[in-house]
Amino acid sequence: MYIVSGEEMRQVDRFAIEQIGLGGFTLMENAGSSCSRAIERQLKKNNRIAVVSGGGNNGGDGFVIARYLAEAGFDATLEVIAPRMKIHGEAYEHLLVYERAGRAARFYETDSEAVEQAIAGADVIIDAMLGTGVTGELKPPYKEIAALINRSRALVFAVDLPSGVPSAEAADIQAGVRADRTYMLAARKMNASLPGYRSFYGTIVPVDIGIPELAYVSAKADRRIWLDEQKALRHLPHRDPDAHKGQSGRAAIIGGSMNMSGAVMMAAEACVRAGAGRTTAVIPDDTLSAAAPQLKEAMYLPLPSESGEFARSAWGKVPEAVHADGVAVGPGLGRNVTNDIFPLINQLDIPIVIDADALLDLASDLEQLKIISRTSPVILTPHPGEMAVLTGLSIEEVQAGRFSLSAKFAKTYGVYLVLKGRETIITGPDGRQWVNSTGNAGLAKGGTGDVLTGMILAFLLQYEDPAEAVFMAVYLHGLTADYLAERADQISINASDISHELGTVICQLKQKCNEAGRTIDIRD
Ligand SMILES: NC(=O)C1=CN([C@@H]2O[C@H](COP(=O)(O)OP(=O)(O)OC[C@H]3O[C@@H](n4cnc5c(N)ncnc54)[C@H](OP(=O)(O)O)[C@@H]3O)[C@@H](O)[C@H]2O)[C@@H](O)CC1
Ligand SMILES: [K+]
């Protein structure tokens, strides 16, 4: 599914209407009929339903929904908050269709008390007041009606967006409807993936309204999310039956310090479990006895240490000492001795994943990234705090601009950026973005990032396309956490459990998709 801003959605709509010839009236009919069918599955026959409509096209969707629900025999009334005079275009045509079908809408302008009573007394409220067209703070009486909806005990289903929630990134939100479910039309709106707005949406139900792919291509809205597991099947790691260990790649993971020998070893174990042919842990020599017993499958390359961390002089030795097809640097490095990771980026033209403390070293001289000439990809995996250091912004600013900041950063420095969070955003150096839908709050725990780093490195060695490798690592990391959370509470998820169960999850995924008859949607 595509992810769009409100402005991009308008461009997509315009293209579908003007260039493809799908009329706005038809799209609204599609939106309303598809939504009402999806909504009906949540309704009980005796529910009192209030469809609350505005005067724009979101309201128009509401007129169609009210007609379908009434025709299906539900006790559904249409409460229109906008004055009749302000309703135009396709929305007005659909209001007329509703009325000509023998139904009567109630208008807040002329019957405010009855409208408020209908809303207060409803079991289910369908919020079709405002969608992508909202600007600024909610105006009266929408603000008061939104508050009334939020106070009610009814189930609240929003159409496209909860009214009042802006669709543009980093727009302020003062008040808005808090929905239990949001029936999102055609494409996912950007803000549904941003922390400040996500809670307004409730469960998001995608609703197809028949807009052709070409309309998205024309709007250059190149951001996607996978909402079903079947999409993953085509992209799962695959092993040739005749494979030998040399073909799955040699991985080197550089990290660890006296107090954090576990981090580098968790990354190394994840790398082994995710299929790397040979994995070497490059560690400070005085941590060898602590690190080595943690993983039998790894090889070890100890380098000079100082105060329990890599000595500054060790960094110059790394490019020659490491014989690998891909490298990750960062897990558990520590911050007492300054790390110098630029020789790695400069001299090793193999895929490199930069994580954790190494990101902070990178931040001290980011401009160097622009002048280094490499053909192999650089992958940065910051959490919002690390991204704040990389950009010089506050964490709040990072979170409010996750999409645009990621795109700008990845393009400026020519890197793949994995901005972690509830919905991790992966951005390619060309600005294309993928949003991950798997994972849960159990991942908010030390070590899970180290495991992800190891998985990304292993996949980089097995996939041709770095974007696919990075996305699949993030996707399966989250999916394994979801698998674990189905068996024990989220709070008990251990980072290493993700490595241990990864194979089971991939296996289950293959089985599930096979059982579903291999109906793979190729539009991903
Ligand atoms: N285009 C298509 O093909 C399709 C579009 N579709 C649907 O259209 C929706 C977008 O429709 P849209 O552009 O008409 O905007 P919409 O969200 O109804 O809001 C406009 C109204 O809001 C009002 N208003 C604004 N700000 C306000 C505030 N702060 N506080 C209070 N009021 C405020 C503004 O009033 P005004 O300020 O002009 O007085 C105006 O009346 C989209 O989300 C989807 O549901 C589907 O049918 C599929 C086909
Ligand atoms: K709405």
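Just so you know, glycine gets a Cβ as well, placed from its N, Cα and C.
Note that TrEMBL annotation is computational and uncurated.
The feature domain 'YjeF N-terminal' is assigned by TrEMBL to 9-217.
The (6S)-NADPHX binding site annotation in TrEMBL covers 57-61, 131-137, Y142, D160, A263, G332, H383, D450. Counting every protein chain shown, the Cβ of G332 ((6S)-NADPHX binding site) has 28 other Cβ atoms within 10 Å.
Take the CB of N58 (K(+) binding site) and look out to 10 A: across all protein chains shown you find 26 other CB atoms. Annotation comment: TrEMBL describes N58, D127, S163 as K(+) binding site.
Positions annotated as domain 'YjeF C-terminal' by TrEMBL: 228-509. Mean pLDDT of the predicted structure over the domain 'YjeF C-terminal' (228-509): 93.
Counting only residues at least six positions away in the same chain, the Cβ atoms of T381, P382, H383, P384, G449, L452 sit under 8 Å from the Cβ of K420 (AMP binding site). Per TrEMBL, the feature AMP binding site maps to K420, G421, R422, E423, T424, G449.
Note on G421 (AMP binding site): other Cβ atoms within 10 Å of its Cβ, all shown chains, come to 19.
A 10 Å cutoff on Cβ-Cβ distances gives T135 ((6S)-NADPHX binding site) a total of 10 other Cβ atoms nearby, all chains included.
Residues V52, S53, G54, G59, G62, A128, M129, L130, G131, A158, V159, D160, L161, P162, G164, V177 surround the recorded K(+) site, their Cβ atoms falling within 8 Å of the Cβ centroid of N58, D127, S163, which are themselves excluded. Among the binding-site residues D127, T132, T135, R422, the ones whose Cβ sits under 6 Å from an atom of ligand 2 are, in sequence order, D127. Same-chain residues with CB within 8 A of the center of the K420, G421, R422, E423, T424, G449 CB atoms, the AMP site residues themselves not counted, are H383, L419, I425, N436, G439, L443. A separation of roughly 25 Å, to the nearest angstrom, links the Cα atoms of T132 ((6S)-NADPHX binding site) and G421 (AMP binding site). Packing around Y142 ((6S)-NADPHX binding site) is summarised by its Cβ count: 23 other Cβ atoms lie within 10 angstroms of its Cβ, all protein chains included.
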